[in-house]
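Please read through the structure below; I'll follow up with questions.
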Amino acid sequence: MSTNGDTAASISMQPRRHMIGSAFVIWIDDKFDPADESCQNTLVQLQSAVPNVYVFGQRDECADFLTDISDTDAYLIISGPVGQQMIPLIHDVPHLNSIYVYHRSQNLDANDNYASNKIKGIYTEITLLCDALKMINKQCNRNDIALSFLKTNIDADSQNIDQLDPTFMYTMLLKEAILTTKYDEKAKNDFIQLWRDAYSNNTAILSHIDAFEKTYCSQKTISWYTREYFIYQMLNCSLRTLEVDVIMKMGFFICDLHRQIESLQKQQIIHYHEKTFEVFRGQGLFIVDFAKLEKNKGGLISFNNFLSTSTNRDVSLRYAEASSGSSDVVAVLFRMLIDSSKSTIAFASIREMSDFLEEEEILFSMHTVFRINEIRKLENSLLLYQVDLQLTSDDDQELRQLTEYIRQDMGSSSASGRVGQVLLRMGQLEKAEEVYTALLEQTTDEISRAHIYHQLGFMQRGQGLHKKALSFNEKALEIRRRVLPEDHPSLAITYNNIGSVCLDMSQTEKALEYYDKAHQILEKTLHPNSPMLATSYNNIGTVYSEMGNYAKAYEMYEKSLKIRQIAMPANHPDLANSYRNVGGVYYDMHNYRQALEFYYKALEIDKKVLPPSHPNLASSYNNIGAVHFDIGNAASALRCYEKALEIFEKNCSTNHLDLSATYSNIGHVHHRMGHYSQALEFYYKTLQIDEKLLSSSHPRLSQSYNAIGALYSSMADYPKALEYLLKIQEIYEKSLPLNHTSLAIFYLSIGDVYRLLGNYEKALWFQHEANKIFKNILPFDHLHMAISYCNIAAVYRDMNDNFTALDFYEKSLPILEKNAYADHSYLATCYHGIGTVHRNLANYTKALEFFEKSLRIREISLPPDHPDIAQSYHNIGFIYQTNGDSYKAIDFYEKAVKITEKCGYSHTPSSVILYQDIATAYLVVGQMVKAVHFLEKAFANIHKIFPSTDPTVTKLKNTIDHIKMML
């Protein structure tokens, strides 16, 4: 983080949420000098108390930093006048938990005034301040644990895991994989390097890291785990937020800690064997977690981290009471009943190894699951609850069903292979790639190598690296063809994978060829309800969808869905993919209600079984956003797209096609809303990625060109629009079938630009070609048919062939009015076009009727400053002016001018006409000064459209001069 000048110093790493505990300390002191030994000593002491300290000398920079870290509680230390100035600026920041005043001088200034209820203490001794921060840090870390709440209504016959918490599922899978992995010295060194990188500016922690490197061994794991601000902070936080890179680097430590707890348990068996006893844990629960706890009474709660408890109720009660002062947590004392005769969970007393002997600590291994028996407020306390839990027995039916399903779903591979599978399921493709690449180097068995190549190909495809994906899959195919029978299902898997890569590369015929090869094998060798057969149907459906054959795509997707509904749990991610695909066909067919229904089914599953940053969730948000966009709900679409973007930016590299598509989607919304500069920014982000990753003839690149071309057309820069659209023609005509929807949509776009450029012959050719394609592949009442008729009508209208134009508008209108659930902007455009034709035919009453219909839709569905609304105001004003009501005309003209100038489009031909029309209206009512004002605006902008020698420019100049002479 940068600072200005030498008055402030940033003394820590950039914040990485998973590498720190919840105590996030910011110190503002305008007298802090990094070169001063006293300042450095103070800083070292603070760093010894809390892992991260950020030092600022400038008020505004500190305030900006504080507001930027809204995902975690912050604790502020203020010193000197600049600290006092900070309080009014940041007092109401929600995540600012507490403020501490620190004076280096022993003498407090009587004039100091610290008016804030967030101030928890004023200190003149750094040691006392550090003690306070240590307690906060410890409490924060105690509260920062990974919890899962598990419903118990699991129907074993239907395999329906109704509400399986994804955090529980994936941390359980990771734990089981980690505990079967063999770790070497390199694993420890990789973790130490991660640790050093994270705390490179914290000398206190670095010294402990050095000690860890020199003295750590598996027999000392518990001792290191219990140290004050050390590994348990990192481990707990990473398990709660599913930060896979940290969990994987700490795998050796997790394994050692679990094994040491097991070893101690065996030594202590005489104390606990077949006995029932109580332990306690005091902490704060976030309000949302406490609400889940209350709702799940009678159900199960899992502590997904290593669980620290105490046999001393008073010690645990103090921890609970310490959390009662915070507004965002509920203080809880867990009372846990342990029946050691009915459970094999690993736990042990660690009193002799812990740094905190007085706590009488019992440490449980990860995923200790309890049943929630009772929740009640403690007597004489309104803010403290006791929650009675009972350790589940090994024959707990619901829990056994949960864990057994997880194990079966994982299959039987090596330890490293299981880790890789978990990472793939979590969408952590780059981390999975690291695991499988290492596994490839260790594997000599041909069949195993083929499987690894298959997995690596899957990962490369997921990262948009199609050539690498194809190479890995071809290596897998070469091995499997050599060592397996020609009808072996593993060959079908490889054919499917190659088909998917070909499809990504827009080689649809080749993709279908590979998918058919796979399908023939699977139909011959598998049960009709096999999930692999469902995947095959799904893949073939995707090809037909890409080819625009939606009926055939729907048939394949339906077959896939039926099999998955029979063979898979109701919340399986593959079932969500089926819902997504069926929804996609409905979307392509503009059946938006059905599309939304299936997209929301997919999203419901994704939320239940996937981590919150999984790419499939982003895909669901993108799909739902697309429907909202097409039905005219731009604001809802933007919210969905931004959720998708947040996920993709966390998971994808800066050059990834999923990221590119989401940028494009957001650009579409801004285009629709008239925010052209923002739209252009997102479109160019899309184009930059697409040009880097795709071949120059890839159809997806054409979509970027089309979007930018359409935007320039909206901005009235028609030559620039044509420049981008012409890039598309050769790509589409070479790569797409002659009857493809995308080709027809391109013809609509370029035809409209030729119309706006006045080249009506070319405009009509493209519009009629688009219409022919739509007639061949779409129902007569499809939305695209209506848009096509509207575009043809617009060309005839501009050619002054108004009756032919009206015929085409009247073909379009009933389709648009029938598709009431579709985007109303098309209907508004049609009404406006019909109004324009009636205006041209001097049917002013009819023209006004349609202009007003168009305006009503636009005012509802568009932002108030959208250029289309200005267009409506202009045309309605013209009708009133023509009918002799100049004052009413002026009202509408002024509204149009206000929007046009606000949007920065006063240089376009339509704005010049608007200025001339409003000037004419002011002349009629005798306001010549106003008239000259607008004529001069028209003259100032007409130079940007016509050369100065053009008769239009000369005529306008003469008109202005003539009116000025009359003033």
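Residue numbers in this text run from 1 along the chain shown.
Each residue, glycine too, has its Cβ placed from N, Cα and C.
What you are looking at is a predicted structure, and each value in this text was computed from that prediction instead of being measured.
These came from TrEMBL, pasted as-is:
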type	residues	note
REPEAT	492-525	repeat 'TPR'
REPEAT	534-567	repeat 'TPR'
REPEAT	576-609	repeat 'TPR'
REPEAT	618-651	repeat 'TPR'
REPEAT	660-693	repeat 'TPR'
REPEAT	702-735	repeat 'TPR'
REPEAT	828-861	repeat 'TPR'
REPEAT	870-903	repeat 'TPR'
Using DSSP, break the repeat 'TPR' (492-525) down into helix, strand and coil residues and give each count.
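Split into helix, strand and coil, the repeat 'TPR' (492-525) gives 31 helix, 0 strand, 3 coil.
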Would you kindly list the residues that approach the repeat 'TPR' (870-903) from elsewhere in its chain, counting only those six or more residues past its ends and only Cβ-Cβ distances under 8 Å?
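That would be 674, 676, 832, 835-836, 839, 844, 847-848, 851-852, 854-855, 858, 864, 910-911, 913-915, 917-918, 920-922, 924-925, 934.
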When only pairs 6 or more apart in sequence are counted, do the repeat 'TPR' (576-609) and the repeat 'TPR' (534-567) reach 3 or more Cβ pairs under 8 Å?
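With 3 or more qualifying Cβ pairs, these stretches touch.
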Which value does the mean pLDDT take for the repeat 'TPR' (702-735) in this predicted structure?
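Across the repeat 'TPR' (702-735), the average pLDDT comes out at 88.
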